[in-house]
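Dropping a structure here in structure tokens format, bear with me for questions.
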Amino acid sequence: MAILFAVVARGTTILAKHAWCGGNFLEVTEQILAKIPSENNKLTYSHGNYLFHYICQDRIVYLCITDDDFERSRAFGFLNEVKKRFQTTYGSRAQTALPYAMNSEFSSVLAAQLKHHSENQSLDRVTETQAQVDELKGIMVRNIDLVAQRGERLELLIDKTENLVDSSVTFKTTSRNLARAMCVKNVKLTAIIVVVSIVFIYIIVSPLCGGFTWPSCVKK
């Protein structure tokens with residue numbers, strides 16, 4: 001169970017997004033965003049084995065896609081946290097921003113919060129308040145049919161193996177960077193030891209050679 005995809009948009013204009021795995025998220029999300037009214041509201045759409053949860057506030061839509069067995073309270077907890085961070089960071093700038101204007105910065109925030117709320121099940125249950133439970137009861141769940149441009153029924157297609165490939169690449173990259181960092185650290189340490197050794201030998205030998213210029217040891 002996980003949050004598979006998250007997006008922040010103004011109407012159908014996507015401002016930032018992050019996907020946990022491969023899939024036709026954008027194609028499906030564009031249709032979902034087009035169906036969301038501009039007034040403040042919260043709703044969950046059900047489509048096949050997936051749920052689309054969203055919060056719309058001040059024309060900005062915070063939306064995530066989850067498996068149908070993922071707890072709705074955790075999904076809306078994620079969306080509320082994303083909304084708070086986005087509003088704090090960008091404020092009214094989001095009302096006039098160009099498509100993907102916040103993606104380079106905010107996609108990493110989406111990734112971190114997506115990971116946190118997907119993995120920390122016990123924490124969410126402990127911190128969940130009665131007010132949150134009552135709020136969730138008021139959020140409706142509606143079935144939705146999606147139609148592709150060709151007129152065919154549109155299905156959300158997920159490729160979770162892509163996440164495994166990405167994780168493998170990330171692991172290899174991290175290992176390579178770690179090895180490089182350790183090599184640089186060892187070179188620096190060796191250089192420091194050599195310099196300290198030379199200085200130490202110089203200090204020890206100088207009195208025996210008549211001073212710091214070694215007059216009795218250096219032949220003129």
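Here the Cβ of each residue, glycine as well, is placed from N, Cα and C on the backbone.
Per Swiss-Prot, the features are:
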MOD_RES   Ala2  N-acetylalanine
TOPO_DOM  2-188  topological domain 'Cytoplasmic'
DOMAIN    7-110  domain 'Longin'
DOMAIN    125-185  domain 'v-SNARE coiled-coil homology'
MOD_RES   Ser167  phosphoserine
MOD_RES   Ser168  phosphoserine
TRANSMEM  189-209  transmembrane segment
TOPO_DOM  210-220  topological domain 'Vesicular'
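Explain the structural surroundings of these features, please.
Following the DSSP three-state reduction, the secondary structure of Ala2 (N-acetylalanine) is coil.
Restricting the average to the topological domain 'Cytoplasmic' (2-188) gives a pLDDT of 77.
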Would you count the other C-beta atoms found within 10 angstroms of the C-beta of Ala2 (N-acetylalanine) for me?
17
